[in-house]
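Take this structure, written in structure tokens, and hold onto it; I'll ask about it next.
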Amino acid sequence: MSLAFNVGVTPFSGQRVGSRKEKFPVQGFPVTTPNRSRLIVNCSLTTIDFMAKMKENFKREDDKFPTTTTLRSEDIPSNLCIIDTLQRLGVDQFFQYEINTILDNTFRLWQEKHKVIYGNVTTHAMAFRLLRVKGYEVSSEELAPYGNQEAVSQQTNDLPMIIELYRAANERIYEEERSLEKILAWTTIFLNKQVQDNSIPDKKLHKLVEFYLRNYKGITIRLGARRNLELYDMTYYQALKSTNRFSNLCNEDFLVFAKQDFDIHEAQNQKGLQQLQRWYADCRLDTLNFGRDVVIIANYLASLIIGDHAFDYVRLAFAKTSVLVTIMDDFFDCHGSSQECDKIIELVKEWKENPDAEYGSEELEILFMALYNTVNELAERARVEQGRSVKEFLVKLWVEILSAFKIELDTWSNGTQQSFDEYISSSWLSNGSRLTGLLTMQFVGVKLSDEMLMSEECTDLARHVCMVGRLLNDVCSSEREREENIAGKSYSILLATEKDGRKVSEDEAIAEINEMVEYHWRKVLQIVYKKESILPRRCKDVFLEMAKGTFYAYGINDELTSPQQSKEDMKSFVF
């Protein structure tokens, strides 16, 4: 296959992005220039060309790749590498049938404890991670021999192997998985030392290790794809014994395909930002003189969390809802009076374009009408998607979160004494993840029954994701207050210092809360990775990516209040 590149400078047209089933038109790898033009790279590679070539690499010459395909065991390591590459570059969705077939065969070999899996540390760790994430029952005890560095060093220590052990250990879903805890502990120390000592000669590999160590749980699919496009190097897998299935696939094949896919996503993202800004102005939200301006960061987080470019409307719905939740939170938290907050809740419960009573202020009218019109629009779109009305359900979710905001306001205003456990049991409802996640699920191509939406599984998944967000936000706020020398502590931190009638330091309280974050994160993974489930995996993945987005937003710094890392990342999202 030839790759013919034609380079020219063309203004970004903003035209509709074509289907991935079409031959790629002139797709841009945009490079910022003073006149705001973009460098366009025209490639003759087609989606079908590359996918056909990839699918050929997944099978033997005499295979038709039927459902019952049994692959040669010696092919598994290289096929796992291909799967990992496709996932890292964010294009695995185009090869799910082939990936599932390979993982079925890998699981069979895992159960047999076949030497092709168990005879190589890197293959063993990668197989564990890929199988667990897909919901296969694999015991972490099989990785117990790698629980200390000395044991691994005797098997020829190399950096990619340790990275794979680190990634596998991050898939710990049960408290009792001590072997993964041990692996994560020593690999983290080892990799940190390698970075600090500047001991990694390969610059790309050095940056990859830095990226993983900075905030591993906060790596969404799209964020990971962007970084791996920059740092991609097939020699990363050279330690694996393979049948050279990559021989007729050069790095450019992978990169051109993945960059074209990413470029489609980013073109849609830019269009989505324009639509979001127009909506924000049309709702007159730009005239309000309080609260955080989160339009850009909300659009960016939506693009990180909703990665499939077929879901451009879903990203817009997600971003609009995130903006509204933030504005309402700010209104209840620091601007509106208790009476005004009660009024907003009454208006939402009534849900009329022309309410029976007066608004009382222009701000209340702007807030309610923005919410009213937006929810009605989203509900109508969801009705088409679901084949039934979900407006009442969405309005109830808004009443729920606004009522939770009011309870928190009253608790603070009235000086109500609350224990840490009381706070934890109710505070998750004031986190926007449940509302935003349940709304987003309406648009991902799955018909949702009341049984599914009201199920214990759905409630638990939303609750655990919300708790991750609530607790991370509180810890982040506490750290910011400490750095800025602001009096007072984040509420949960304050309560945690006096938990169970004992007095502990703020640092001890934060450590305990971080342990709680890990607990709820593991619960999220348990529910998402479980195969026997009332919710389809596509729906659960919405909440999984939201949880990752929460780690991204609050894992290091409060990116909604004072964006730092996100600003740098947004710049880097332009090739």
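Cβ coordinates come from backbone N, Cα and C, glycine included.
As the structure is a computational prediction, the values presented were derived from the model and not from experiment.
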Swiss-Prot lists motif 'DDXXD motif' for one of the ranges 109-113, 204-208, 329-333; which is that range?
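Of 109-113, 204-208, 329-333, Swiss-Prot gives motif 'DDXXD motif' for 329-333.
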Report the same-chain neighbours of Asp329 (Mg(2+) 2 binding site): residues 6+ apart in sequence with Cβ closer than 8 Å to its Cβ, ordered by sequence.
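Those within reach of Asp329 (Mg(2+) 2 binding site), by Cβ under 8 Å and sequence separation of 6 or more, are Phe405, Ser430, Gly432.
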At the level of the C-alpha atoms, what whole-angstrom distance separates Asp333 (Mg(2+) 2 binding site) and Ser477 (Mg(2+) 3 binding site)?
14
Within 10 Å of the Cβ of Asn473 (Mg(2+) 3 binding site), how many other Cβ atoms can be counted across all chains shown?
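Excluding its own Cβ, Asn473 (Mg(2+) 3 binding site) sees 20 Cβ atoms within 10 Å.
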Within 10 Å of its Cβ, which one of these binding-site residues (Asp333, Ser477) has the largest number of other Cβ atoms?
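Most Cβ neighbours within 10 Å: Ser477.
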